[in-house]
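Chemist: For reference, the structure I am asking about is given below.
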Amino acid sequence: CFNPMIVELAEKAMKEYGEDPKIETNKFAAICTHLEVCFMYSDFHFIDERSESIIVESGDPNALLKHRFEIIEGRDRTMAWTVVNSICNTTGVEKPKFLPDLYDYKENRFIEIGVTRREVHTYYLEKANKIKSEKTHIHIFSFTGEEMATKADYTLDEESRARIKTRLFTIRQEMASRGLWDSFRQSERGEETIEEKFEITGTMRRLADQSLPPNFSSLENFRAYVDGFEPNGCIEGKLSQMSKEVNARIEPFLKTTPRPLRLPDGPPCSQRSKFLLMDALKLSIEDPSHEGEGIPLYDAIKCMKTFFGWKEPNIVKPHEKGINPNYLLAWKQVLAELQDIENEEKIPKTKNMKKTSQLKWALGENMAPEKVDFEDCKDVSDLRQYDSDEPESRSLASWIQSEFNKACELTDSSWIELDEIGEDVAPIEHIASMRRNYFTAEVSHCRATEYIMKGVYMNTALLNASCAAMDDFQLIPMISKCRTKEGRRKTNLYGFIIKGRSHLRNDTDVVNFVSMEFSLTDPRLEPHKWEKYCVLEIGDMLLRTAVGQVSRPMFLYVRTNGTSKIKMKWGMEMRRCLLQSLQQIESMIEAESSVKEKDMTKEFFENKSETWPIGESPKGVEEGSIGKVCRTLLAKSVFNSLYASPQLEGFSAESRKLLLIAQALRDNLEPGTFDLGGLYEAVEECLINDPWVLLNASWFNSFLAHALK
């Protein structure tokens, strides 16, 4: 029921404050109404050559008339302040603190127009309290035909005001006929009142004076300077006001401005996670009920016994830099020592490996440079930190996208129980527990959830062993537990790790370990992925397929690796990823619910026909079911944990700035930038060799390409 020009102005005003007219419909209607009243207030009112105020409804082209009212409302902020400033300069009227709506050339005063769905008196007082200016005239209209103005001076004649009241009544009727009036009437918020300046005295005052920026003598002096800051002057001016050294040219950011991120060249990047992901193979027992069930070593031996295809191991993909026979000997030693355990009367709860030469080599025993007390060497003239090589650039390889896709998939087992995501501390309100249950149902079978539980188990076991058996080369089975579709419990063994010496004093002190993990993946298919591994062939496994049983070689992926107390602490807390992705989903539900003005949790999860945007790929925006969205968000969170690195930290922080600028452009907010080149540099210096960061950068490029089409 508003004309297109008013609608357009209102949309622009809301976008300027980052609000969406489609979501905040009541606010949108209020802005349209207010604009229309301001325009009607000024319509037909002129000042003639004798400076008399007259009303002219039909245009007489030869009359020398000047508009009686200057319209300030409806202009963008910069323009509006320019108009206000020029009026103040030419008329000498005091400059208002807030942008008024109109200026009256006859009475020489600014006017603040209010349109309220509440009591006119209430609203009038709020307005007066907010603007605190004797000089600005206030005029309030209501939808019920009441009005109130400063000193009961209504500025306009009866007829002009009646026109406005009639229009407001019409708007109310139109809204009521569409069932919108009640919600509109109830949604009005009071004016935010700005508190009086309160005095700061005593200690706080001294602290305030001490903490001023340089060149300011007192708090008053600084306040005056800040108050003189035009809130909507151009940024260049502000910067030069702040410092003489800064000179920034604001460049408009257009669809053609951004270029794609430059991904590094070089050999393809390699796998660097602490354990195998999509390539892992499990030896499993169902419904475990053996003696000592739950003791990792007992479980591991039981799992090992389910496999009968062991054979003499041999190296199929050597590690470029390592002494490969040592990896082979290490595996043989594990098999032999497990055999020894079984020959004992009573199986021990933990197993410490013999400190053989192959294990000492693999675990870097005695490799650390000797530490010397600083007192003994501070006189050495050329004392310096030894040079470390720049990391070698690596290019994006396709395996990391495959890893991510696999992490989003469903497995045939459930990896968490319903109450895994946080226990109810208080009687949680019904909606929250309902959301949690829906979400858990979508992600409990997800492969990313398996990675969480595997990571939690491995880090907990390793941290325990690091503290409990500092000097020992302890054998730690890599285990996880799940439930089958039929609800039967299952214990899985992925392989083993052997921990090195672990006198961890600081959070960042490193404990070395050797990991040995089962797999059916032939490393020769993507040798670049396995650069850091030595891979052995250790057996043949019979697999049931559609065409009957086939035999596949079983591989063992062996590598040396390291971690620290702080990394293990975070690894133990990987369940947080479930919470993080649940919160992201909740904010999507909240957005839907606020549009529909009711809780949309049930519809959100149960409307199977609806698709949601998941991410960008070179093909465009990918869409999927709500379950797929849950699993994708979870997988992202899990990969951020599995592939955590300084490169990821830097890339996330810096690329976010670029993302916000691109989104502002998408929302037609006309963003401007300075030193965009510097921002690109900051993002690109994080693109070195990390597979997850490189994948995110390539996704980012897809986003840029589509967002700015």
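Just so you know, glycine gets a Cβ as well, placed from its N, Cα and C.
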Chemist: ASP101, GLU112, ILE113 bind Mn(2+) 1 according to Swiss-Prot; which of HIS34, HIS45, HIS290, HIS319 goes with them?
Modeler: HIS34
Chemist: Pick from 117-132, 405-420, 501-516: which range has motif 'Nuclear localization signal 1 (NLS1)' per Swiss-Prot?
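Modeler: In Swiss-Prot, residues 117-132 carry the label motif 'Nuclear localization signal 1 (NLS1)'.
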Chemist: If the Mn(2+) 1 site is taken as the center of the Cβ atoms of HIS34, ASP101, GLU112, ILE113, which further residues of that chain fall within 8 Å of it by their Cβ?
Modeler: VAL37, CYS38, GLU73, PRO100, LEU102, ILE111, GLY114, VAL115, HIS139
Chemist: Averaged over the motif 'Nuclear localization signal 2 (NLS2)' (177-240), what pLDDT does the prediction give?
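Modeler: The average pLDDT of the model in the motif 'Nuclear localization signal 2 (NLS2)' (177-240) works out to 71.
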Chemist: Given GLU112 (Mn(2+) 1 binding site) and GLU73 (Mn(2+) 2 binding site), what distance in Å do their CA atoms have, once rounded to a whole number?
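Modeler: Roughly 10 Å, rounded to the nearest whole number.
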